[in-house]
Amino acid sequence: MTAPRARTTALAPYLLLLPALAATLLLLGWPLVKNALLSFQNLNMRQLILHLTEWNGVANYTEVLGSSDFWRVTGRSILFTGANVVLIMVLGTLVGLLLARLGKRMRLTLLIGLVLAWAMPPIAAVTVYKWLFAQRYGVVNWVLDRLGFHSMADHNWLATQFSTFAVVTLLIVWQSIPFVAINLYAATTTIPKELYEAAALDGAGAWQSFTSVTVPFLRPFLYATTFLEVIWVFKAFTQVFAINEGGPDRLTEILPVYAYIEGFGNQHFGMGSAIALLTIVILLALTAYYLRIVLKQEEDEL
Amino acid sequence: MSRPRSAASKASALRRVWPNALAVVLFAGFVFPVYWMFATAFKPTGDIVAEDPVWFPVDFTFEHFRTAVTADNFWTLVRNSVTVTVLAVLFSLVIGLLAAFALARMRFRGRRGFIVAFMLAQMAPWEVMVIAIYLIVRDADMLNSLIPLTVFYMMMVLPFTLLTLRGFVGAIPKDLEESAMVDGCSRPQAFVKVILPLLAPGLMSTSLFGFITAWNEFPMVLILNKQAEAQTLPLWISKFQTVFGDDWGATMAASSLFAVPILLLFLFLQRKAVSGLTAGAVKG
C-alpha cells in the first residue's frame, strides 16, 4: 500500500515539470538544433520549394568567415552595442543618483516620465522617432534650423550610416535609461545609513563617501545590468530593422539583421543559419565572463 | 569651509535648485516623444504639416483615428494580437505555475540543473532563431497561422514566468499549506484553496512581462505571417507610414492605439506589482 504512494510522490516533481520541459525541448531546443543542421546545408530557393536536403559540409561557414562583409558587420555590431551600453549605463546611473537626491514630489514626476518612455512599445517608439526626425515637418530639423544650423532644415537623417545609427542609438538609450535608473535608485534605498555615518566619522567628504560606500555597494548591480544591456542591445533587431531595414545600402545592418537579410531576404537559408549560429557564439563570447559568475552564484545559492 | 557667508548661502541655494531644474529638463525629454505621438494624433492635418510646429493641439480632431480604425483588416489584426497575447500568457502561467511549484516546494534529483537550464532559456536569442523557426513552421504547413505565434510567444515568456513564480511560491509559508492538509485537504486541494489566492498578485505582476513581450513581438510575425489577415499589430504599425504615404497624423493615431493598452497596463500593474511584492515580504 505504501510503495505505490511513495513512488507517485517521488515522481510528482517530474510530472509537474513535464509540460515546461516538453515545451522547452520542442520550442526552444529543436529550433536551436534545426538551426545548427541548416547551417550545414545548401538551402536556397530551389531546394526550399522542392523540399531537397543538400548537405554541403562547412561550405557555409568558410564562405561566411571568408567574406569581409561578415567581419565588417560583426565589428559594427560590437561597436554599436558598446556605444549604446556605455551611454545607457553612464546616463542611467546619473539619472538614478539624481532620483535619490530629489524631493518626493519631483521624484514621482520624473519617475512617471521614465516609466512612460520605458513602457512605450519599441515599434511605436520607432514610428514616433521617424516622425520626430522626418525630413519635412520633423520637429528635430525645425529646432536645429532655429538654433542656427540652417543646413539641417531639410536634413534626411536616414540617408547616411552615421545619422541613422545616431537616431537608433538615441531611441534605444532613451528607452533603456529608465530600467537602469529606476533599479539603481531602488538599490540606493537599500544602502544602510550607518555606512554613510561611519564614513562621515572617518572624515569622508561627499565625494569620498560616494566612492567608498555607494559605488562598492552598487557594483554587483551595475555588473548585472551591464550584462543584461549587452544582450538586449546586441539583439536589437526590431529597432534597427523597423527604422530603415538596415539601410541605407545595408550600412546599418547589425548581426541579427544581417542574418535575416542574407537568410530570408536573399533566400540563402543555409548561409543565414550559419550567420545566426555565429551570432549566438559571438554573443556568448561577449557575455561568457559574466554568465559564468552568475551561474556559479545561482548554484551556490540554491 | 571658510567661505564668506553670502557666497556659501548662494552655493547652497544653487545646490538645492539644480537637481530640480535638471529633473524638469529630463522629465520633458523623456515624455516628449510620447506626448508628440498623442499630440500629432489629435491635430488636424493642417497643423501637422505646418512650417512651424503647433506645440499644443488646439483644434482637436478624431479624423486620424477614424483613418486608422477603418483601415483594411484593422479589427482582424486587433483580434489576432489580443488572441495571441492572451493565450500565450495564460498557457505560460499554467505551465509555469506547475513547474514553479515543483521547484519551490519539492526536493528531487536534478532540481538545480533544471533551474539553471531555465535561466539559460530566459536568454534565448529568438531574434536570430527566426530562420530555423520559419523552416520548422513551413514544414509543418503552418505559415500564416496564429497557432505557431501563440506557442512560440508562450515559450518566450515561459522561463521568466516560471522563475518568477517560483519566488512567489517560495515566499508563501509552508505551514499554511500543511495546516490545510492536516485539516483534511489533499495536496492539490490545499494548493487551490490556500496557495492560489495568495499567489494572485504574483500572477498579475508576472503576466505583465508576458503581455508586453507578446504584444510587442516583431521579428517572428514578420517572417512567419506574410498574409495581411494573419498579421499582428506591430507588423501593421511598422508598415503604416509607407502604406499611407507619410500620413503622419494617421500613423501616430495607429501607434497611439497600439501603445495605449501597454502604457495603461504598465502604470496600473506597476503599482500592483510593487504592492504584491511588499505584501509577500510582510507575510514571509
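Positions of Cβ are set from backbone N, Cα and C atoms, glycine also.
Predicted automatically and left uncurated, TrEMBL annotations should be read as such.
Taken from TrEMBL, the feature domain 'ABC transmembrane type-1' covers B:78-269.
Counting residues 6+ beyond its ends, the transmembrane segment (B:21-38) has Cβ neighbours under 8 Å at 252, 255-256, 259, 263 in the same chain. The transmembrane segment annotation in TrEMBL covers B:21-38 (among others).
Residues 111, 114-115, 146, 149-151, 153-158, 161-163, 165-166, 168-169, 191, 195, 199, 203, 206-207, 210-211, 214-215, 232 of the same chain, all 6+ positions outside the transmembrane segment (B:82-103), place their C-beta atoms under 8 angstroms from a C-beta of that stretch. The transmembrane segment annotation in TrEMBL covers B:82-103 (among others).
Sequence annotations record features per position, and here TrEMBL assigns transmembrane segment to B:115-137 (among others).
Long-range neighbours of the transmembrane segment (B:149-169) within the same chain, counting only residues 6 or more positions beyond its ends whose Cβ lies under 8 Å from a Cβ of the stretch, are 83-85, 87-89, 91-93, 95-97, 99-101, 103-105, 115, 118-119, 121-122, 124, 126, 133, 195, 199, 202-203, 205-207, 209-210, 213-214, 217, 220-221, 224-225, 232, 280. The transmembrane segment annotation in TrEMBL covers B:149-169 (among others).
Feature annotation from TrEMBL assigns transmembrane segment to B:190-215 (among others).
The transmembrane segment feature in TrEMBL is assigned to B:248-269 (among others). Away from its own ends, the transmembrane segment (B:248-269) comes close to residues 34, 36-38, 40-41, 43-45, 48-49, 63-65, 67-69, 71, 204-205, 208, 211-212, 215-216, 233-234, 236-237, 240-241 of its chain (Cβ-Cβ under 8 Å, at least six residues beyond either end).
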